Amino acid sequence: MSPQTETKASVGFKAGLKEYKLTYYTPQYETKDTDILAAFRVTPQPGVPPEEAGAAVAAESSTGTWTTVWTDGLTSLDRYKGRCYHIEPVPGEKDQYICYAAYPLDLFEEGSVTNMFTSIVGNVFGFKALRALRLEDLRIPVAYVKTFQGPPHGIQVERDKLNKYGRPLLGCTIKPKLGLSAKNYGRAVYECLRGGLDFTKDDENVNSQPFMRWRDRFLFCAEAIYKSQAETGEIKGHYLNATAGTCEEMIKRAIFARELGVPMLMHDYLTGGFTANTSLAHYCRDNGLLLHIHRAMHAVIDRQKNHGMHFRVLAKALRLSGGDHIHSGTVVGKLEGERDITLGFVDLLRDDFIEKDRSRGIYFTQDWVSLPGVIPVASGGIHVWHMPALTEIFGDDSVLQFGGGTLGHPWGNAPGAVANRVAVEACVKARNEGRDLAAEGNAIIREACKWSPELAAACEVWKEIKFEFPAMD
């Protein structure tokens, strides 16, 4: 058959290029409750209309490709295509637009964050028609949420397991993060836990290196947990990092942790990957282990203001994939985080239902339909003087994690832990009495110093420490 011969499949098919906006820009479209909705910050190349840029994003992240193909006639594009349904300029920014896209639920595999991201952000970010592209937010429909297990246990179950109520939980990342032997590492864990912390933590890059193999670390940390529990009468935990080079190795480490009887594990969910994270979350629920999540590599994805993906999207993805804690920024420490925006995604982690609120960066109303909540972890350059602000900003359902702010105490790890425990209990007591932590925070800490020499020493060491740098971008 010659190339010019007409076949039934080619009837009505016209080869060649067609503008994306003719098919994928549909401003009259009314979104469905079952659609996944996305808000993209789009910066088109010069000469590319915003309608064409928005349509290109919707097309390339769903059914479209660069040319017309005859196999379009073998399916229903109206049923399966993504749609750019609304475009608005970004106030104060030149040639930037928020383009809203809707995706039919049938495009996505049930219970798979991996597939969701592969579709929505997997290919389109390298598109030549765009100078920059950032995914600002997603609306996950109830029908899709219900296909996920979510966090292994959630906030209330964790508090019940730990028998700890009415205050933020306290943690500490063991430093130096690399180079300690397993025995010395376990000793540092023990000192922090016996001093009054609830948790200690492996740093994100502690896996199984020559200086400290994972099995040795797990054993010495378990010993530290049991010894500190016996001395204090409180339930303690250490985030044992199970992240590994393969899923099989990760699960092997999780099984060993369960056999030791420790309460929790840890995973680096972005470097480890969503498939591995979801597998570990399922294992943790089935075996009664809490799961702490570190967001190592997040700033590679979310730091730029006009390209990449906002952390609120990564936070939503984590709640679907599964984790009981996740690092969320501090607002007050050494790592970047604006207060209103940070509290916006903190609510997305903890609450069942969150209303649209653009002032906090929330583009869509999100209903989690009883999916368990995730505890935000404030960590990075914080110390006892930050305690009133952290307690006021994050509330009780949070983990306040002081690494250098514990281990840097001039008297040692245990006194550093005592200082943090005294500070948080003083702040909670003052708050419960009706005092204003924002206005009276420093006075509250100074009052507590009178009956805690450990806190007084910590306050003296860190009284001048600030992490303030002018924004350059």
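Backbone N, Cα and C define each Cβ position, glycine as well.
In the record from Swiss-Prot, residues ASN123, THR173, LYS177, ARG295, SER379 bind substrate; the candidate from HIS86, HIS327, HIS409 listed for the same site is HIS327. Taking the centroid of the Cβ atoms of LYS201, ASP203, GLU204 as the Mg(2+) site, the other same-chain residues with Cβ within 8 Å of it are THR173, ILE174, LYS177, ASP202, ASN205, VAL206, TYR239, ASN241, MET266, HIS294.
In this structure the C-alpha atoms belonging to ASP203 (Mg(2+) binding site) and HIS327 (substrate binding site) are separated by 12 Å. Cα to Cα, LYS201 (Mg(2+) binding site) and HIS327 (substrate binding site) are separated by 12 Å. Within the same chain, residues at least 6 positions away in sequence whose Cβ sits under 8 Å from that of ARG295 (substrate binding site) are ASP268, TYR269, LEU270, PHE311, LEU314, LEU318, ILE326, HIS327. The C-beta environment of LYS175 (active site, proton acceptor), restricted to residues of the same chain at least 6 apart in sequence and closer than 8 Å, consists of ASP203, GLY403, GLY404, LEU407.
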